[in-house]
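Structure record follows, encoded as structure tokens.
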Amino acid sequence: MNKTAVAVSLALLTVAGVAQAADQFIPIPSYRVGAYASGGAKFYGGMIDYLNYVNMKEGGVGGVKLTYEECETEYKNDRGVECYERLKAKNGGASAFNFMSTGITYATMDRAEKDKIPLMTMGFGRADAQDGRAFKYVFPLITSYWSQATAKVQFLGQRVGGMQNLKGKKIVNLYHGSAYGKETIPVLDAMAKKYGFELQHVEVPAPGTEQQSQWLEIRRARPDFVLLRSWGVMTPAALKSAQKVGFPRENIVANWWGGSEEDAIAAGDAAKGYIAGSFALDGRQFPVIQNIEKTVYGAGKGNLSDKGFIGTVNYNRGVVSGILMVEAIRAAQKKYGAKTLNGDQIRWGMENLNIDAKRQQELGVTDMFPQVKTSCQNHEGSGYTRFMQWDGKDWKPVSGWIKADTGVTLPLIKASVDKYSQEKSMKLRDCAAEK
Amino acid sequence: MEWQFFLEVLVGGLLAGVMYSLVALGFVLIYKASGVFNFAQGAMVLFAALSFVSIQAMGVPFWLALLLTLALMVLLGVGIERVVLRPLVNQPPITLFMATIGLSFFLEGLAQMVWGTDVHGLELGIADEPFDVGGVFISKFDLFAAAVGGTLVAALALFFSKTKLGRALRAVADDHQAAMSVGIPLKHIWAIVWGVAGFVALVAGLLWGSRLGVQFALTLVVLKALPVLILGGFTSVPGAIIGGLIIGAGEKLAEVYLGPFVGGGIENWFPYMLALLFLLVRPEGLFGEKHIERV
Amino acid sequence: MFYRESGQFKSSYAADSAILTIAQDRLFIAALLALAFVVLPGLGSDYLLSGILIPFLILSLAALGLNILTGYAGQLSLGSAAFMAVGAFATYNFMLRMPGMPLLLAIFLGGLMAALVGVAFGLPSLRIKGFYLAVATLAAQFFIEWVFTKFGWFTNYSSSGVISAPPMQVFGIAIDTPASKYLLTLSIVALMALAAKNMARASIGRAWMAIRDMDVAAEVIGIPMLRTKLLAFAISSFYCGVAGALYAFVLLGTVDAQAFDLHRSFQVLFMIIVGGVGSILGSFLGAAFIVLLPICLNLLGQAFHDTISTQFLANLEMMLFGGLIIFFLIVEPHGLARLWQIAKEKLRVWPFPH
């Protein structure tokens, strides 16, 4: 019982933290220990570096200083919920959360709706959440899982010289045996029907350390391509097993969870030639990355323990996450004024993002991520994916930005949203009325 | 062609089974010598592999790095005996089990604190490439792993049955107090066993690490070892290898031939069901020691 | 001085078989309940209620369930999370497919489904014992997780494989604020803890303990092995199932099958070992230790985040957590509940120990 007492007093103390009037608070629910720490440390490092960069360069957004606080989630749902509750009301209220975890996002979705705090699920989370009418506070910015899946197929179409050539081709969808892994099956089925290729789904039981039988099956099926819907250790294990059965790595295309240095390095030589999708390019060539290095690391305030990781895929994703967060605050300030804004106001900002070519130029992020323009109904704002190939040391782009096939995704989103709103017995927002 | 495919699945499964056995061996060693189910075995595999690649990354040559890591693991074993096990002598197995859980948190934190959270690739210089035997493809790497596993098992089995130390270990497992009262030095024994388990963890870590990359997920390979363990019996070294072969072949054949009927992805639970069936016939595992119960 | 039982006489059988025979204990529990039911919902912040107390209570309930099976009946299980999942998914489907079903009834039925599944996976316990049984219950863990992921029917063919809780109400009162959710959870947990305490003291509890201590001997003195063991599995799974339903509906609202993975099973097992095997109080103390300690360490770590890198701190927290588990086991191998008991004994003779 005395343990509870300690926790109670601690909790009460921390929640009653002083709210500073002119700050905008951004919660950082990071994961720096456990299985996903290698990616988490870089991602949240990049995000924090960008926030610090904005503070150092411009003194915050519109004169409002950005503050942040970290909370360790360990990529676990219950810890994530605790972090959400801990940070949501701090320092004038949380702007928006980006958990970088599909599980934690589900676990906090109901709460966020009630507390009116947006969840950024950049590249991950529920695909149907891009419909802002049902998911007012969830933002799968840039690209959802479904958009990426259609982009993958279109990329294969480019490889064979046009979508019409996909007809009669055989493609295997090798997926992680979890809700996450199964999520793209309906989209891929629809694509297969549309373009007339043969599609075979093969499940890898989670966590995917062992894939011998799956790859033997794949070799027997002799597919032209393998679409990899992998996660964590499943990626290197898949590449190693592909090497073992002699399947060419150039014909394996993964989504972005399999597209960081960590995924490829772990597989060693077996990863050479392997292709993965991306929504934020890696590298230090972007002015924004160079400026962060100069300003933030120059002043010795960098978050990464090893400067060598600046410009890695996960780091750049974190920077993009920071940019989108700050741009949403900027947009919201234009409507509500330069002061501390609450979650609902940031939500408005996130719904009215407009990062066009000109703005990208100003931010120094041209070509780092696609242009983003969101609206009340469209919480994704882009739907573009680009594909990268691992050359043994680095990711090299092998395609332009490929737009999602909305002819396939939109009907599916509608069906899914209808079911969701029915289960939750809720009414969809009327976006026309909110204008 | 169909029988060739069958053979490939079978051989692949058997060889995968040896990889599971390697992890299971670590459990058997410690269970045999202290009656503890060592939850921290996965953390030890991670710690060993991470230490090895990190030491190697400092420019230390392969064999020296191997030796240094081995020394580190033995040191770790001695430390565990001193700090964790010695104060818990004569406690019920469940308490010792929980202590190893605390240990696994500690080791995971330590490994990532000292060596960092980054993912490393690991090449042992044996290409994981197919190798054609009359139309059946067999991986060179798997053959190598099987050879290593087989050698380890043979050596350990001999050690337990033929040497004085090995017999002392078995006495300790039966009853701490009785073993101490006949003059078996419990602390030395435990330190040695944990050291040897550390060595086995290093071997498993290197082989698995070269397949999955050296990263935190190495702790997950334990899940594959558990059914092997129940099937072979917690106390039998040869049981670990036989269990591994049965589980490996069984799960691969089931996935390929039964999987399509239920939608696939059954490899996670099938080995446990298989082991459960065996247990219903032999409740102490295939090679476990039989206990006679008296009232 | 304050905690002394001299002068308190029992003059009826009812008084002798009361749960709390000492007036001070009754006072303490009454105060604790008053604090939990009246003070906390009124004064506690959202964070305290829905970030800490609700998860703590729900996991305590799961620990209680496992403690019935493992602590009292002596059957080690690593499948608690799977039974939680059955409870959650069954409750969801009852509410979805029978519109208008009251929430409490659906949770109860969800618990019953979990109990049924528990009995099915408890059958091998008649032949298999100890760690062998523990690993055999892993079959339940992986199989059930697979079923809920594989077959879309259980999630109403949700594209993302998750179940979403509908709006909830109990007796016409909407359960939508942290305080109301907390009170609902607390009421269920308090009632079920009381039931567990009474079961442990009744003939069924004694039969379980007899089996735990030596099953062959228990059978010899006429305890029906099949019925008693399976009843332990059923009741334990019922508790876990209710905990799972609360976890999905009250705590999270939207949940996928992976929320009930092996780690959750282990977490529940850690709770009862650290708290005290075969102790109702221990289930709560253990849940407090496992749920709250990492959070406290993280909160403490935050105080240093300006001076030390968060990377280092986060790993240090994990090491400390592991270290503290070992420390407490060395101090008291029988769990926190035993420490509490020792403290009470000391208090009885304080301040004159001789």
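Backbone N, Cα and C define each Cβ position, glycine as well.
Look at TrEMBL and you will find C:27-43, C:49-69, C:76-95, C:101-123, C:130-148, C:230-250, C:270-300, C:312-331 tagged as transmembrane segment.
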Fill in: Whether the transmembrane segment (C:49-69) meets the transmembrane segment (C:270-300): three or more C-beta pairs under 8 angstroms
yes
Discussion item. Can you tell me which recorded stretch out of C:101-123, C:130-148, C:270-300 has the most Cβ pairs within less than 8 Å of the transmembrane segment (C:230-250)?
Written reply: C:101-123
Worksheet entry | Beyond the flanks of the transmembrane segment (C:130-148) by 6 or more, those residues with Cβ under 8 Å of it | 75-79, 81-83, 85-86, 89, 117, 121, 124, 154-155, 257-258, 260-262, 265
Item to complete: For the transmembrane segment (C:270-300), find every same-chain residue at least 6 residues outside the stretch whose CB is under 8 Å from a CB in it, and list them.
Response: 52, 55-56, 59-60, 62-64, 66-67, 70-72, 193, 196-197, 200, 209, 212, 314, 317-318, 320-321, 324-325, 328-329, 334-338, 340
